[in-house]
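Q: According to TrEMBL, the record shows the following:
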- 68-87: transmembrane segment (TRANSMEM)
- 114-132: transmembrane segment (TRANSMEM)
- 139-160: transmembrane segment (TRANSMEM)
- 166-186: transmembrane segment (TRANSMEM)
- 198-223: transmembrane segment (TRANSMEM)
- 235-257: transmembrane segment (TRANSMEM)
- 269-291: transmembrane segment (TRANSMEM)
- 303-324: transmembrane segment (TRANSMEM)
Amino acid sequence: MGAAKGPERADERAPVMSGPCSSLVALTTATSFSPSAGLVLLKLLVVGFVTWKGGIQASAMVMSSDNIRGFALALSSSFFIGSSFIVKKIGLKKAGMSGVRAGSGGFSYLYEPLWWLGMITMIVGEIANFAAYAFAPAILVTPLGALSIIVSAVLAHFVLDEKLHIFGVLGCVLCVVGSTSIVLHAPKEKNIESVKEVWYLATEPGFIAYSCVVVILVLVLIIRFVPRYGQTHMIVYVGICSLMGSLTVMGVKALGIALKLTFSGMNQFVFAQTWFFTAVVVICCILQLNYLNKALDSFNTAVISPVYYVMFTSLTIFASMIMFKDWASQNASQIVTELCGFVTILSGTLLLHKTKDMGESIDPEPTILSETELSNETEFSNH
């Protein structure tokens, strides 16, 4: 889901995206710790992966085949999106050595093959993320977007030498643990045979009411609050992006299901509903990206990233719960476990962003005192 963006900065840490459009914001690399912490990080991630793999194998009989496909696609999406920013940054650095840097208004990176390789990698990741929604419920796919932060942080530590703080390691582990809880207890995807079934779910009173509330809130924010508070209150732009993002994901899921059925031999593009969902995705994405760019241009990315991720993911899960009734077939224990996993991921994400600059020491310039000032300092200290 690409859109035109302003020139990129070579010294910028990876931006974010979680789900359609949101990866622009949830991807800021965490930085700074001692070299030995790299080994600690690797050991923790290996242990987490082994535990995760064993847990998934143990629950293979519980997870549906569609959930496994959706999980695999979401996982590959996180890897591609997380690594794309590292490749793009290497390309930006190379372009800055031979031309005007992007941060200074230059566009020399457009002639750098590595930058384009990063763009292609990101597009592949977004396509995988798009496809994941066709197989698995949003409550499984959307939170897994946080794993792209881990990929970005680990690669930045080893490839770009952007040191990860020890609390960043803890944030990575929390994301892995939370993701494992959600994956192992995610509800099964409904067996949908036609896009008309999705249309029936979208036109039920509960989701119509949610959609109307979202549209009204977005219009109020755009008409009344953006002109007055848009440049001073981050929540205005982020609120618009998050609200529209929840509708975007529902449209993407409907369109993904239509494409999956079409590829299996049942053409869904003969139905007007499929084109309606397509129009919703396009309109919501354009609006979302417009205000996301405004937010990134007006406020610190390190602040926007975690807030946007929390709001976007929460509203998306809420919208999915209303439209697809993801939790209808689950008991209270499974629902609570999923919520705990979600909160754990949020905690890890916030910790990664909060500590991304921790430990970076900037040596102050030495202060040179004149003889008079030096004598005054000595006299003052003697007193």
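Placed from the backbone N, Cα and C atoms, the Cβ positions cover glycine too.
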Q: Which residues of the chain, 6 or more past the ends of the transmembrane segment (198-223), have a CB below 8 A from one of its CBs?
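A: Answer is 192, 236, 239-240, 243-244, 246-247, 250, 253-254, 257-258, 273, 276-277, 287, 318-319, 322-325.
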Q: Residues sitting near the transmembrane segment (114-132): Cβ under 8 Å, six or more positions beyond its termini, same chain?
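A: Non-local partners: 1-2, 17, 19-20, 23, 70-71, 73-74, 76-81, 83-92, 94-95, 141, 145, 148, 252, 256.
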Q: If I count Cβ-Cβ pairs under 8 A between the transmembrane segment (139-160) and each of 68-87, 166-186, 235-257, 269-291, 303-324, which range comes out on top?
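A: Per the Cβ under 8 Å count, 68-87.
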Q: Go through the chain and flag residues at least 6 beyond the ends of the transmembrane segment (303-324) whose CB is under 8 A from any CB in it; none is fine as an answer.
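A: Answer is 15-16, 18-19, 22, 25-28, 137-139, 142-143, 145-146, 190, 201-202, 204, 206-207, 210, 234-235, 238-239, 241-243, 245-247, 249-250, 253, 292, 295-296, 342, 346, 349-350, 353-354.
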Q: Do any residues of this chain, six or more beyond the ends of the transmembrane segment (68-87), have a C-beta under 8 angstroms from a C-beta of it, and if so which?
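A: Sequence-distant neighbours of the transmembrane segment (68-87): 14-15, 17, 23, 27, 29, 56, 60, 114-115, 117-119, 121-122, 124-126, 128-129, 131-137, 140-141, 144-152, 155-156, 159-160, 183, 186, 189.
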